[in-house]
């Protein structure tokens, strides 16, 4: 009897240890040592992760449509600084959120609400970086774009410094844009495709007004802009008006994810100089023409956008001891 009891005790103890190891392997950062994100990462451990993020983002976009481009832009700004690690979400003095290019970002509340719901359902499992990556896809889908399968399994970064925020600028030449993207393992097709994300959203008047009133100190608009487009932007962004006012990046279609923005690049009816110059470069122009069906072989914008978003989402991801899973997206654990 005593021997049988001991064997039973050993067996039960063994099974408990196996279950504990399995549970550890299905949650937290221990799963992520040396692992790259992959589709289906959470499996049954958090089977509703995608639907929860989708429902929260949908609610926030319905209440404020500006959250869709805001979240998409936030993901880009996150990935281009220290990789896709959710560091842009951290609040506090001198964090990335306080840097000039990030002060107009929108959608933080959506990410935080999704995190709260996921912590209730799958405590300690889903990183803020993964939530932001999923939310960016939902922003595209909710504005009429094509979805894609999102690799998951990132960890959250612990460092967020405003001084690290060096992003492609609104007046950059094509060659500089190519170099900046290449430094993040993204090619010229990715550059044109991701810039095509400007089909949704707005820009601040203070950022673009100079091109439409006093280009390079000439006292005149940029001569490369379609002359019929100039008064439209001047009316939206008066020379002495509010610099924080917004103007559509894709005239008349800023709420729809489509190729109309690329058509506007072709016709010189875009507000950012960095967008306009893509038509002047042989390589980037050829890609735009393929997206618009003007050159063969054609490219499908929705498909390529998903492909480029996946590539971008894998920039410098954190694994193992490089990161953590925050309980609150705006604060280090």
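Here the Cβ of each residue, glycine as well, is placed from N, Cα and C on the backbone.
Cβ environment of residue 77 (active site, proton acceptor): 88, 96, 101, 102, 105, 165, 167 lie under 8 Å away, each six or more residues apart in the same chain. Look at TrEMBL and you will find 77 tagged as active site, proton acceptor.
Using a 10 Å Cβ-Cβ cutoff, residue 96 (Ca(2+) 1 binding site) registers 26 neighbours. According to TrEMBL, the feature Ca(2+) 1 binding site maps to 78, 81, 83, 85, 87, 96.
Around the Cβ of residue 168 (substrate binding site), 18 further Cβ atoms fall within 10 Å across all displayed protein chains. Annotated substrate binding site per TrEMBL: 168, in sequence order.
Cβ neighbour count for residue 199 (Ca(2+) 2 binding site) (all protein chains, 10 Å cutoff from its Cβ): 27. For 199, 250, 258, the entry in TrEMBL reads Ca(2+) 2 binding site.
The annotation disulfide bond is assigned in TrEMBL to 46-122 (among others).
Sequence annotations record features per position, and here TrEMBL assigns disulfide bond to 79-84 (among others). Around residue 84 (disulfide bond), a 10 Å sphere centred on its CB holds 28 further CB atoms from the protein chains shown.
Remark: residue 329 (disulfide bond) has 86, 89, 90, 108, 111, 112, 115, 128, 131, 156 as non-local neighbours, by Cβ distance under 8 Å and separation of at least 6 in sequence. Annotated disulfide bond per TrEMBL: 128-329 (among others), in sequence order.
Sequence-distant contacts of residue 205 (disulfide bond), defined as residues of its own chain at least six apart whose C-beta falls under 8 angstroms from its C-beta, comprise 236, 237, 241, 242, 243, 244, 245, 246, 247. TrEMBL lists 205-237 (among others) with the feature disulfide bond.
Residues or ranges marked as domain 'Plant heme peroxidase family profile' in TrEMBL: 36-333. In the predicted model, residues of the domain 'Plant heme peroxidase family profile' (36-333) average a pLDDT of 96.
What TrEMBL records for 73 is site 'Transition state stabilizer'.
Other than 78, 81, 83, 85, 87, 96, the residues of this chain whose Cβ falls within 8 Å of the Cβ centroid of the Ca(2+) 1 site are, in sequence order, 77, 79, 80, 82, 84, 86, 88, 157, 160, 164. Ranking the disulfide-bonded residues 46, 79, 237 by how many other Cβ atoms lie within 10 angstroms of each Cβ puts 46 at the bottom. Taking the mean position of the Cβ atoms of 199, 250, 258 as the Ca(2+) 2 site, the remaining residues of that chain whose Cβ falls within 8 Å of it are 196, 198, 200, 253, 254, 256, 257, 259, 260, 261, 262.
Within its own chain, residue 250 (Ca(2+) 2 binding site) has 198, 199, 200, 201, 256, 260, 261, 264, 270 as residues 6 or more apart in sequence whose C-beta sits under 8 angstroms from its own. Put plainly, the recorded positions 81, 122, 128 were compared by Cβ crowding within 10 Å, and the winner is 128.
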